[in-house]
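Below is one structure, written out as structure tokens; comments come after it.
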Amino acid sequence: MYGIEYTTILIFLTSITLLNYILKSITRIMDYIIYRFLLMVVILATIINAQNYGVNLPITGSMDTAYANSTQSEPFLTSTLCLYYPVEASNEIADTEWKDTLSQLFLTKGWPTGSVYFKEYADIAAFSVEPQLYCDYNLVLMKYDSTQKLDMSELADLILNEWLCNPMDITLYYYQQTDEANKWISMGSSCNVKVCPLNTQTLGIGCLITNPDTFETVATTEKLVITDVVDGVNHKLNVTTATCTIRNCKKLGPRENVAVIQVGGANILDITADPTTTPQTERMMRINWKKWWQCFYTVVDYVNQIIQTVSKRSRSLNSSAFYYRV
């Protein structure tokens, strides 16, 4: 009997000793792994000095403070600037080194080499389809053209604001706009847009829903159309779908890291009077037209003042993807 008790006690003590040994071994192994990991982190931190310019990476968070207008301002070292210009600018300059020249000039204003990106676009229609406003700050140069002033004004409204859009099937359904922030956006090589307001019996008001020729014309041969109709009223739409797409969109608010610079023109585009533009902050500027070199020199000279009108933020880097979000 005493032998059985001694054996039980011995087994119990042996188990405790073995468990204690195992726990100590696990502790030593974990300490080894943790210390090695921390050592590697310290070593890598001393030899790696990477900078994230944010290109092709999502930017989220609250609005940052506007930077001071100074050629010695160090915050620009961690910011990127995209300058969008029409293809005719590079064609006129005809210099393979012109971007390098501008980069060196931007350096004198506190923008390091490699922080300024030059983005070329063919025309307003192509740019409106896929703006790709990737940088922390985005400046869009648009040369004034009296034949495209409506497209220019609506392009400014498109890129200076953020929109949530859904596709529309105008062959099957009637549509109505719920409030002032609700617009119908059409874009393509040639957009003709006609509307027919309907009463509560779905009969046309001043038009016949079966005859598009009686519809009210709101746009003719435009590349970009932002249509605003009477809220709360159903409409039958007629759009040249072969050369144009239309979407039902909601203006979410200002895209605060974008500024539009109008180049030349006697008339000045201004969308701040739009009641849906809140806050009504002027982020559209105009510079006199001479030659494209002169325009770029002006932008470089006043870049830090222009940056004061915008903020380093954006809900979506790829504005076209955000625009087509369904």
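Placement of Cβ uses the backbone N, Cα and C atoms for every residue, glycine included.
Here Swiss-Prot annotates a disulfide bond for C196; of C191, C207, the partner residue is C207. Looking at the candidates C249, C295, Swiss-Prot gives C249 as the cysteine bonded to C165 by a disulfide. Rounded to a whole value, the Cα-Cα separation of T214 (Ca(2+) 1 binding site) and Q177 (Ca(2+) 2 binding site) is 21 Å. DSSP gives T214 (Ca(2+) 1 binding site) a helix state. Considering only the recorded positions C135, Q177, G206, E216, D301, the residues lying within 10 A of C196 (disulfide bond) on a C-alpha to C-alpha basis are G206, E216.
Between the CA atoms of D95 (Ca(2+) 1 binding site) and C244 (disulfide bond) there is a gap of 36 Å. N238 (N-linked glycosylation site) and D228 (Ca(2+) 2 binding site) are 15 Å apart (CA-CA, integer value). A separation of roughly 8 Å, to the nearest angstrom, links the Cα atoms of C207 (disulfide bond) and E216 (Ca(2+) 1 binding site). Cβ-based crowding with a 10 Å cutoff singles out C135 as the top-ranked of the recorded positions C82, C135, C196, V229, C244.
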